[in-house]
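Enquirer: Shown below is the structure under consideration.
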Amino acid sequence: MPPTPEVGLPLWLLAELTYRCPLQCPYCSNPLDFAAQGQELSTEQWFKVMAEAREMGAAQIGFSGGEPLVRQDLAQLIAEARRLGYYTNLITSGIGLNEARIADFKKAGLDHIQISFQASDEQVNNLLAGSKKAFAQKLEMARAVKAHGYPMVLNFVTHRHNIDKIDRIIELCIALEADFVELATCQFYGWAHLNRLGLLPTRAQLERAERITNEYRDKLKAEGNPCKLIFVTPDYYEERPKACMNGWGNLFLTITPDGTALPCHGARQLPVQFPNVRDHDLHHIWYESFGFNRFRGYEWMREPCRSCDEKEKDFGGCRCQAFMLTGDASNADPVCAKSTEHGIILKAREEAETAQLAIEQMTFRNDRNSRVIARG
């Protein structure tokens, strides 16, 4: 067994400021029971979190949610992060954004804004978002972000209901003069896992979308267009797992709205007691807490991971995915073809070939559905 690697620094801090959100995306990665979570951290508590993380080496902070724009202290949080020396990202739907707030964020020192879209056409975008005004607002704010001197960074979550229009999505991004476009095929955590039958593309859909994306890359390069297209494939069509978060508690630190500290944004669902910043400082949380040490190193591994010569590369894959699909977070990620549970993934691929779940039939991410799920 290789020696346990030294614990890395929490270089990337994800500040999930709130679970409140005006949209209802059925692929949201937030916990299913978000409506039953505790009170949000105050401005001062977030200041303390940011200061402690910065002292430990954190260099980049992402303000996320839910929808972070619902926090009225967002400009204050950005300004404090800037003062502390962070590179600052705002990850937003654009709903709740306006010219005045963009100017405020610019003045506060915000470095980067990413706006998400649900689709390239208004009807599908608004249906998925659960809002009749979402698409027009997103278009307006994408242009406004660019006008204020920010690079235009767009994120499209692709799935079986919009991936066949990947060419239209890319054309929209080109028309908007986007600088970076993330074409992120749905990853199946949170609400997306619940709605997998309505979201997972077929292999043919995925291969076609990737081919078209590559054709557009060649076209953009030939035209001298600097727009960068980033295509993210789903785990379900891989034969080896990803090195999730570059290893458990090794680089990435999430703080949830109520102050729970997690080694990744999906870990809250695990049957592990994670610490809270209301009770402990981040140094204790990162280096000493049970939750952050639970899956570090290799001693926790079972076969086939334990004797696998690839374990130092992929760390056994995603613990959350192992738990969701096998019921035990210590098992190998079933995405891996070496896993005895890989048949779960093969079955999901087969089901995608015949799935008939329409957008309207999916369980949308909203307070009502979350409360029902929380009650069991």
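Placed from the backbone N, Cα and C atoms, the Cβ positions cover glycine too.
This is the feature table in Swiss-Prot:
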BINDING   CYS21, CYS25, CYS28  [4Fe-4S] cluster binding site
DOMAIN    7-222  domain 'Radical SAM core'
Enquirer: Which residues in the same chain, at least 6 apart in sequence, have a Cβ under 8 Å from the Cβ of CYS21 ([4Fe-4S] cluster binding site)?
Expert: CYS28, ASN30, GLY65, GLY66, GLU67, VAL70, SER93, ARG365
Enquirer: Would you list the other residues of this chain near [4Fe-4S] cluster - those whose C-beta lies within 8 angstroms of the C-beta centroid of CYS21, CYS25, CYS28 - in sequence order?
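Expert: The answer, listed by sequence position, is LEU23, GLN24, TYR27, ASN30, GLY66, GLU67, SER93, TRP191, ARG365.
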Enquirer: In DSSP terms, helix, strand or coil for CYS25 ([4Fe-4S] cluster binding site)?
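Expert: Looking at the DSSP assignment, CYS25 ([4Fe-4S] cluster binding site) belongs to neither helix nor strand, so coil.
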Enquirer: Can you name the residues of this chain that are 6 or more positions from CYS25 ([4Fe-4S] cluster binding site) yet have a C-beta less than 8 Å from its C-beta?
Expert: GLN118, LEU128, ALA129, GLY130, VAL157, TRP191, PHE364, ARG365
Enquirer: For the domain 'Radical SAM core' (7-222), would you mind checking the mean pLDDT of the predicted model?
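Expert: Summarising the domain 'Radical SAM core' (7-222) by its mean pLDDT gives 95.
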